[in-house]
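Shown next, in structure tokens, is the structure this report addresses.
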Amino acid sequence: MIATIIRKEILLTLKDKGAFFWLFALPVLFIVIFSSIFGSAGSSTTYKVPYYDADGSAASGQFLERLGEIKGFALEAYEGGSLEEGVKEIKDGSRSYLLVVPAGYGQQVEAGQSAEIELYRDTVADEAVAPVLALLDSVSASYHDYKLRGILAGMGQNEEAIDAIMQPAISIKEVKENATKTNAVTQIVPGYTVMFVFFIMINMIQNLLKDRRSGMLSRLQGTPMKPIHYLVGMWVPNVLVVLVQSTVLLTFGQLVYGLQLGHPLAIALIVLGLAVCATGIGLMLALLVSSENMGIAMVQVIAMGGAIVGGLWFPYEFLPKAVQTIGLFTPQYWAQKGMQDVMIRGMDIGGIGWTLLILFAFGLAGLGVALLRFKKFALKTA
Amino acid sequence: MTDVLQVRGAKKSYGSHQALKGVDLTVKPGSCFGLLGPNGAGKSTMMKLLTGIIDPDQGHIEVFGLNIRKELSAIHQLIGYVPQDITLYEKLSGKQNLTFFGRMHGIRGTELKKRIAEVLEAVGLTERAGDEVASYSGGMKRRINIAAALLHRPKLVIMDEPTVGIDPQSRNHIFEMIRKLQRDGVTILYSTHYMEEVEALCDEVAIIDHGRIVSQGGLRELLELHAVKAVYAEAAGVSEPPVVDGIVKATQEGKGWVLECDHPLSVLSALSAKWAREGVTVKALELMQPTLDSVFLKLTGTTLRD
């Protein structure tokens, strides 16, 4: 009986071309777009720094050459015309910033005076300007060090002594504990996989309400079918769809962006837990909502709201503290955390126990509510 | 022989609306039993009670001697239910739909293939079995809708208005199928609001209105018991109701008059003689055949609403 309903649902799903777009094509599109924007297909970001050399001296050339050598930044000579035109572009918002070496810079350097470098910037582009400001501070500090070294050498200190004097009071040692390099792809691929999995709930709500509206459920109740047969029969195909959907999206991330999936069985269990969770909640919603529109609205709230507070769109650590606390109560947070634990931190099954427990608990609670609710749901056909 | 259906004092309410107000019903084996009533009379509620889709608030229902509250699974193996709505999966073919419903009744393998071929033949859709149901006409969908309820060889087929909105050709096809089922010993419970369908198919009738059975019995018995005795008379230039002894009530119908009376033959004879004497040109003078329409009107005071 259950197998018959499952078989029928799979046949209907395979004939529903629209579902393929929502479940597979759209998430792939999102992953591609956001990986391109934030991850440059997995490579690190390079900031382009436009500059205008009004001095044109050997000293200004040396300064710019030094800036250009710093990793992560690429200098681009401003080719828009005069300095006035460059400043006008910033004022009208078409450019965020422009680095200017003013006329007289070389003379000031040769005279041993403090030379100014100008950074024209749009006051509302703080985020875009911040890395460039940090770069300039760093270069300025290195010039300061160079000057100090000159003074110390003039005072008769040898190289060894100068090195000892210039030694910073503290130094930062970076210790990378993750098994795999973290980048935008390790956030985007699992994030959008988890987010789009929850949209299966729309399919479930539509199919169950359609069965009731059309009288199909009534008809099936006139057969030897039991409520549990119907619910399991309508639930399992959606679990299978989510398993295929997640496999396709994660494999896409692996093949196209080199995403490291980590322990295969651990990832497979998280995907299974995610499938049970999303479809269990979907089944519960289908039997609780009074109309399709209401159901779709609730799915949007759960899927999109959970994506935001669960850290699917932005790394969880970037979220405000209050939002982080709310996120802990969403299955999306646990699914994403579980996937990143396996992909980035190299955990195996032993490390994802809580994730699995919470995901399966959400799903089974949904199934339980659906079973309790079935009689009332079916009565509405009458 | 055990009655196929026995319903005693069945009541069902939806909120404050009482859909059934204490229904008694008995259906004999092998009969085609018509449940006749207007829309909203309680027919579909009755059908859903009999298939166990909903529970009665009060009352006792037995199907083939089995208590519907206790032995529903066994009852489901004995009945086939054709709902009022066309409940098929439009994106699946007719054959795929039949396979699904056959399996839901526990039929598998060779037996299922054989039964699908038989019911397709019976509803005349063998040629179109592989096409998506979405491409079928309304009548074809109705036929497959019925076929899906016959796969497991039910002993009682419950049909809830199975011919709504179909063409005469498909209706005739369905009628023939029902007659064949009855010849094969299957009991039919046929719900409809079309008088002519009951007259064409059923040997027993229950008339239901506002949640109550207002009359029940053999078709002829009901007609004889409740039909109004009358003569229809129409003549050129007669604009006033004719007056002869024995006429109880005269009602204009079309260009003539329906003359209700206790002794139609006497009225017919007297009026014939009167108009002959007066030299009136008679266009129609006949005994009116009793119909369920007139029975329904007499019992409920209203015509059968559509």
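Using the three backbone atoms N, Cα and C, a Cβ is placed for every residue, glycine included.
What TrEMBL says about a protein is an automatic prediction, not a curated fact.
What TrEMBL says about this one:
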type     : residues  : note
TRANSMEM : A:20-41   : transmembrane segment
DOMAIN   : A:152-377 : domain 'ABC transmembrane type-2'
TRANSMEM : A:189-209 : transmembrane segment
TRANSMEM : A:230-253 : transmembrane segment
TRANSMEM : A:265-289 : transmembrane segment
TRANSMEM : A:296-316 : transmembrane segment
TRANSMEM : A:352-372 : transmembrane segment
Cβ pairs under 8 Å between the transmembrane segment (A:296-316) and the transmembrane segment (A:20-41), at least three: no
Annotated stretches the transmembrane segment (A:352-372) and the transmembrane segment (A:20-41) touching (3 or more Cβ pairs under 8 Å): no
For the transmembrane segment (A:230-253), distant same-chain residues with Cβ under 8 A (at least six beyond the ends): 1-6, 8-10, 13, 19, 23-24, 27-28, 31, 185, 189-190, 192-193, 196-197, 200, 203-204, 207-208, 211, 217, 220, 259, 261, 267, 271-272, 274-276, 278-280, 282-283, 367, 370-371, 374
Same-chain residues at least 6 beyond the ends of the transmembrane segment (A:189-209) whose Cβ lies under 8 Å from its Cβ atoms: 9, 12-13, 19, 22-23, 26-27, 30-31, 34-35, 234-235, 238, 241-242, 245-246, 249-250, 252-253, 257, 259, 274-275, 278-279, 281-283, 285-287, 289, 291-292, 295-296, 299, 302-304, 306-307, 310-313, 332, 335-336, 339-340, 343, 377
Beyond the flanks of the transmembrane segment (A:20-41) by 6 or more, those residues with Cβ under 8 Å of it: 183-185, 187-189, 192-193, 195-196, 199-200, 202-203, 241, 245, 248-249, 252-253, 256-257
